[in-house]
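What TrEMBL says about this one:
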- 4-108: domain 'Thiamine pyrophosphate enzyme N-terminal TPP-binding' (DOMAIN)
- 196-288: domain 'Thiamine pyrophosphate enzyme central' (DOMAIN)
- 393-508: domain 'Thiamine pyrophosphate enzyme TPP-binding' (DOMAIN)
- ASP427, ASN454: Mg(2+) binding site (BINDING)
Amino acid sequence: MSETLATALLHALKSRGARNIFGIPGDFVLPFFRVIEDSNILPFYTLSHEPSVGYAADASARISSTLGVAVITYGAGALNMVNAVAQAYAEKSPLVVISGGPGKGEGELGLGLHHQVKTLNSQLEIYKELTCDQTVLNNPATAPADIARVLDSAQKQSRPVYIEIPRDLVDAPCGPVPAYTPDTPDMDAARACATEILTRLKSAKSPAILIGVESRRYGLENKIGKLCKTLGIPVATSFMGRGLFAEHDLPLLGTYLGTAGDEHIAQSIEGADALLMLGVITSDTNFGVSGKNIDMRGAISAFDNAVDFAHYSYPNITLETLIDAMAEIAEPIGKATGNHKPAYSRGLPDDDTPLSPSHIATAVNDLFATHGRMPIASDMGDCFFTGLEIENTEFAGPGYYASMGPGVPAGMAIAASGKRPIVLVGDGAFQMTGWELGNCRKYGWAPIVILFNNKSWEMLRTFQPGPGYHDLDDWHYAQIAPHLGGKGVRVQTCAELKQALEVAHADDSCFQLIEVMLERGDVSDTLAGFVDAVRKMSALGNE
Ligand SMILES: Cc1ncc(Cc2csc(CCOP(=O)(O)OP(=O)(O)O)c2C)c(N)n1
Ligand SMILES: [Mg+2]
């Protein structure tokens, strides 16, 4: 069957693992939308605002370790989504942005086009700063190779890419897109590097391993879990890597949060005389509250397809190639068996105790103990820090770029993948993208949304106590839920929250919104620990 430019692109996305498309149409992308609908090559879901489209497609990539796909119109649509794509870039998510674009001749009319910024290329120039590769498909003859190059880049670098499809070329005849072509691994270099790493770990008194998001992005949790189990060295995940290895058996201590987290974990990582970092973003959120600066000279970092030692680097070694090379020669080094598991709070009192954020974590832990774990999508705010007090489970959250807004759209993407998520979101972030819940009914999605209503931008207040502009009004979100096609309940006490979670879990007929009333100034134990650690670090810095 002969391909068109549009069907060739859609078949290429599907053959490389994309599961669905999120989007909002516009006249520049209507022709492509028609092909998406008529061809049914990939299921697609429309949302109400492009930032949510970006967040949902990004989450789709994260939860399935594959390509996420966002389709939007030129100008107003694509530029509306910039922040979500920036977050995907910073947090290494392979999001494919497909924007409709002006037709070949439109630019020659000598008229400014609607949705145009400075020039017709402005959007491409802006997206060059947010993506690792780009193409404008204005030549059907080269389109198969152009698409293959850009999608290969997304998969190899696990970063967003940009594809612009001129609206008058959507149905142009086009050859099939070549399949994914992995780089040929340099196994000699990988084996030399693996030998050097294992020698370092063996000769260290207290080696440790820190694992970050790349292990999920490249679908390596099984391989890395097996390797760590063989080595018997203590393992922790980074702040960004929260939720990794939830289904795996390895000597996992928990999430490293520096002085803001579990002391035993902090000692193991900060006290390591050989720290192997696998796929870890070296960022302030991952290391900003380290009790003592981790001696990066003794650390080995495998990240962004290179392995860096203190003063030299092995370039072009993918994380998977390194793990394979290490697995060939790995043997037990330590006796760590993961016996140290952080204690997650259980047993929420069934009484009139007023709710605090950490009670929410206890209530969810109790729910998981009764009904089994569920994936979590978290927004940014105290809800994210509370999420760190919940048992280790699949977790999608903006732990590095830290934008508000992804929580509800990410939960909807998890629901689209066939799993039922719990969404953690603050009232401020809900005001940004929570209304997307109104799109759940048409797709039959039933996330359980826990809304932290402290009538405040509380996380900011913890950093800057005093100003009144952190105060938010009470929008009575639970009362709005039925108008959006879901069910809502407002809870103030532990007993009410316990009951509401059980009722919500038992009812998957629609989304369930549990509005938890919290006092301004009352934050989770983890956020309080983080703020305290940041204050101590800055005090030390000022000495
Ligand atoms: C898109 C964007 N704009 C502003 C900000 C800056 C910010 C970080 S945390 C925060 C307050 C969050 O309030 P919320 O009620 O959702 O949660 P909580 O603190 O628990 O009360 C703001 C405004 C970020 N991160 N992203
Ligand atoms: Mg709030």
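Every residue gets a Cβ built from N, Cα and C, even glycine.
Those TrEMBL annotations? Automatic predictions, nothing curated.
Note on the domain 'Thiamine pyrophosphate enzyme N-terminal TPP-binding' (4-108): DSSP counts are 53 helix, 19 strand, 33 coil.
For ASN454 (Mg(2+) binding site), other Cβ atoms within 10 Å of its Cβ number 25. In three-state terms derived from DSSP, ASP427 (Mg(2+) binding site) belongs to a helical segment. For the recorded site, ASN454 (Mg(2+) binding site), the DSSP three-state label reads coil. Here the domain 'Thiamine pyrophosphate enzyme N-terminal TPP-binding' (4-108) has a mean pLDDT of 97 out of 100.
Taken residue by residue, the domain 'Thiamine pyrophosphate enzyme central' (196-288) breaks down under DSSP into 38 helix, 17 strand, 38 coil.
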